[in-house]
């Protein structure tokens, strides 16, 4: 049905073998390297004289659960908007994130917390692993519908490594502050995916154009994703910030920023819409830009007003991006950005990085008091001035863009290898390439996959 | 398409300008008045000698997140039951709540926590703001499908102010106890919306009657809303109660009350249903009445039995309301209550207020011990007897009904101003008036909006 | 419409009367026996000199909320996969769980915490009640579509009692450890349901076969259930474990196990699928087996590698079960297992019990240190060797299988009583038997229920 018999046979084995290999290798590495940390190990925890209430679990786990819901429910359903790609959107999100969180536990562990020959894990590593999975899913959004699951797993395999290195360079070598990941998660994930999408450019993609839109119900499913991302974003940005006022302030700032980006999105969507009508694509996506834009600065003394202003700006820019820039991105730059990640994660991520530069540059001992230590330790310890911190933040942005672009490009070339499970140009955005799909209605036999014509790409 | 060209042009600008104005004004007021409180501010928090575990964030934030999910997921999807109004239900919920939470931060701040020229915000103000947004959404339910987004924003603008004043009168001047808002949220929101709906009565609404029901899938989407409201209601009622046993008991009581209202609803729905069949409308709504009815009393020593009895009563009354009273409300009282908020929030809210009167009147030093201080401070301090507290609770109910009715009426008259974006009688309950709507199936062009005939109202 | 007039009249009264009777009886028992425990009672809590932060509410309630979401959202929507049984799946889940949690509060209370003539309730009893509701819903999955709500309530009435007794025998008499319920919840619930399904075997069920599959959208709704179960399973297994490192480690192990079972499921699903295509049924269910399989052992020192290996094994076995064993179960063993609970809960539950035997047998004082007391108190106190604990765990498994089989069988015979609301063979998997169902599309009148022919069973 989809291509020649040998191609089908290849697909039959490609995904299973890759899953089995990746899971087997990960398990072996876990056996050798991964150990409970002293807050999860039965013996180590009881060796200290701790109150159970002091276990980090109680400060971080509720936030972790919110992040976990965002990654699997939020990202998964947000991409269900395509009319015939719901199984793949939510299913491949599930597969990619389940792999990425294991693999990033290893990569981040080797880079950040490798002591005595072991990686020590606990709720903090769980959050970090989910964050990395989030970046992989952002990249997935840029190539959604045009890649097979084996391709995506390879993308994740390599992106996780690069994510870890990039994060290490920024946070540890440059001393950049980026608690909620405007830079390391959103900007990195978006430009990695966009460059990848550029390399995988399909000039014949209009053969699948009739499946590229939504239907009424798929837009409602996507709103499940949107709303869960929106409500839990305060937990995302605050999940790893300093305990106490730090976590509290980060959640508060994100809450305000998201509210303002929602109003900005509705305003602009109606303004640029046909007949003044709202566009669901804008609401589903641009209203979330408020969470992205304060990812770096929400732990800082952004002020509630600053959060509102930043969120409003992000919602506005993101909506305009969907309306005016996405078509240009495809026609002029040959980037087919299925979910518009450039508008939701790319531009707001860069704005968020710049906002971080600004707010860091304005940091004073007076404004932060003894809290300066937990937000800007290098300034508090006198190793850096606020201006120097700001310059480091700015430099970090360039490092990310370089890493993401090079990485995305290299991976894109790799993914063009002909044996991989890339769908034909006429079969993009179509679940039936990868799934056994029931009909739309009862009594309907399985819908035949329409192959418009022999595809030159095969 | 929908009305004359000038009307369309008006709509094009009305919503954007209103959003931009409201967001701009809010941001300016935030800049002038809103500051971090001492649990979110970096300098203030570290000035005290606090353990991070003492930060209120850890006691309230998990509850806040549940409330947040109820407001945006719960209310939003509960109203998706209409077959052609899903985008508007979930979208306008999103818009209204995002605005209301900002605006109520200001209004409640001025009334409740205005010190030294500033409003101080933290997790408690976030919960209060979401509560107020909840009241606005309850009112929205009464006029769902018959109002445009600009009308709704104006409704929210004015309702938030009245909500704040009403709450101030009850809680601060009258010393009423109402932790979970049976009175201040549900009764107020419901009667505000109902009076509004009365003033906006449309005698020609049968022109849109064919869109007023559900379809199979829209009822399943609505159940997402129902279930999320149901599971998180214990957090709603307990979010702002006294720490320790207070929060614990409130959650427990609400849990039992909801369970009993569910059984009551199934029993009555089958009993009054055609051929003994269950009605989805009852299950979606009346099963939640158990959360509403203990909003006032669940922090009190209601006893687990009391919670079951109250919940069962509420589920029963609410189901009977849907079956028998809603038609009368429309035919006799000219109130077109789209979501039946009178049955879910109105009657159970009043019952909840009366239950609060009863349980407060029965309060004794023996039953509450030293916990009396946190539930009934005025009784504990000897300023009031239990009977006097009960009388104050009862008087509070009349104050609310007066506030809500007058407020809803005045706002209704205001919203009848002819320049606003009210849909035509033949275009109610229809997303296409406000949204660019894709077809129901792939390959289907955008569905034409059927305008039955020239509408006299335009 | 469905059967004779007297049958319809019987149905009209059966469910209401049963609900009213059960709720009434439960309320009376609550009035007599159920009291707030010392962490929820206003007077008792303040009598001690507690810090509010010590209230168990803050350690358990966030986990409770996740469990609550799993029971009502997770189980409910997971079963919506059937094309014409969504109302019943989510609705009867709602009804059954709302009743089971009340009833199990009483049963578990009498068995586990009956002191001074009273049952004392708080967040721990809420979690236990939800766990029991989970077991009932697992059994529901085996008979989904073939039973009426009154039958199901009777099933729950009796299963809850047996669940309580079985749990009491295992945990209290045998000293079995089973924090996340691989044995007491999953194995028990599955085999109870399977034996019940065997007794209720319908040889003519092919008359409803055309409704037994999914449609595109129902599979997406089911994925909502899957993903919420998957993300919150770490909270399920850890909800009642020892505070501190115990809860932390349990959540971590479950997280890894689920990730590995997801990769195992995708691998096997593609391997055994037609043309190498993935099957949604596998992804929706088998990916969750990783949560089931570590229910017993995740609180132990399973090691992260052990969690991955167990999860991978469970995902693999479960997928193979759906592909190869479910058809045999029906054709050879006459068990019509609608949701495949044997694959998701039965086999992974037994595997989880055996894994518990293994990990308990390997327990050493060295590995657990002072934490041994909280995981294996009988070993720590020197009453048992690790090997003896392992043997007790193994014996516990046989006790469960015996209890579940006998219980399921007896109840099955009871439910065959002719006056109950069992649907006809030609009307299984059909919402219209129990619900007023709107059409699939607007303007469509209520769909007629197709009764293929006179049914011999009636």
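Going from the start of the chain as shown, residues are counted 1 onward.
Backbone N, Cα and C define each Cβ position, glycine as well.
Owing to the predicted nature of the structure, the values given are computational and were not obtained by experimental measurement.
If you look up TrEMBL, you'll see A:15-36 (among others) marked as transmembrane segment. For the transmembrane segment (A:15-36), the list of distant contacts is 44, 95, 99, 102-103, 105-106, 109-110, 114, 117-122, 148-150, 153-154, 157, 421: same-chain residues at least six beyond its ends, Cβ to Cβ under 8 Å.
If you look up TrEMBL, you'll see A:26-417 marked as domain 'Ammonium transporter AmtB-like'.
Residues or ranges marked as transmembrane segment by TrEMBL: A:67-87 (among others). Within the chain carrying the transmembrane segment (A:67-87), a Cβ under 8 angstroms from the stretch's Cβ atoms is held by residues 93-94, 97, 127, 130-131, 133-134, 137-138, 140-141, 144-145, 211-215, 218-219, 221-222, 224-226, 228-229, 232-233, 235-236, 239, 280-281, 284-285, 338-339, 429-432, 434-435, 437, all 6 or more beyond its ends.
The feature transmembrane segment is assigned by TrEMBL to A:94-114 (among others).
Annotation comment: TrEMBL describes A:126-145 (among others) as transmembrane segment. Only residues 6 or more beyond the boundaries of the transmembrane segment (A:126-145), in the same chain, are considered here, and those with a CB under 8 A from a CB of the stretch are 60, 63-64, 67-68, 70-71, 75, 79, 82, 85, 88-89, 92-93, 96-97, 100-102, 104-105, 107-108, 112, 152, 155-156, 159-160, 163-164, 181, 184-186, 188-190, 192-194, 196-197, 200, 208, 211-212, 239-240, 335, 337-342, 344-345, 408, 423, 428-430.
Annotation comment: TrEMBL describes A:152-174 (among others) as transmembrane segment.
Among the features that TrEMBL reports, transmembrane segment is placed at A:180-201 (among others).
According to TrEMBL, the feature transmembrane segment maps to A:213-233 (among others).
Through the fold, the transmembrane segment (A:253-272) approaches residues 180, 230, 233-234, 236-238, 278-279, 282-283, 286-291, 293-294, 297-298, 302, 304, 306-316, 318-320, 323-324 of its own chain, all at least 6 residues removed from its boundaries and within a Cβ separation under 8 Å. What TrEMBL records for A:253-272 (among others) is transmembrane segment.
Same-chain residues lying 6 or more positions outside the transmembrane segment (A:305-325) and placing a CB less than 8 Å from one of its CB atoms are 252-265, 267-269, 272, 279, 281-282, 285-287, 289-290, 292-294, 297-298, 340, 342-344, 347-348, 351-352, 355, 359. Summarising the annotation, TrEMBL assigns transmembrane segment to A:305-325 (among others).
The transmembrane segment annotation in TrEMBL covers A:345-364 (among others).
The feature transmembrane segment is assigned by TrEMBL to A:394-414 (among others). Outside the transmembrane segment (A:394-414), and at least 6 residues removed from its termini, the chain residues within Cβ reach (under 8 Å) are 139, 154-155, 158-159, 162, 165-166, 169-170, 174, 176, 178, 183-184, 187-200, 350, 353-354, 357.
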Can you say which of A:94-114, A:152-174, A:180-201, A:213-233 has the most Cβ pairs under 8 Å with the transmembrane segment (A:345-364)? A:180-201
Residues outside the transmembrane segment (A:180-201) whose C-beta sits under 8 Å from one of its C-beta atoms, at least 6 past its ends, are 131-132, 134-143, 146-147, 155, 159, 162-163, 166-167, 170-171, 236-238, 241, 250, 254, 291-299, 329, 333-338, 341-342, 344-346, 348-353, 355-356, 396-397, 400-401, 403-405, 407-409, 411-413, 415-416, 422
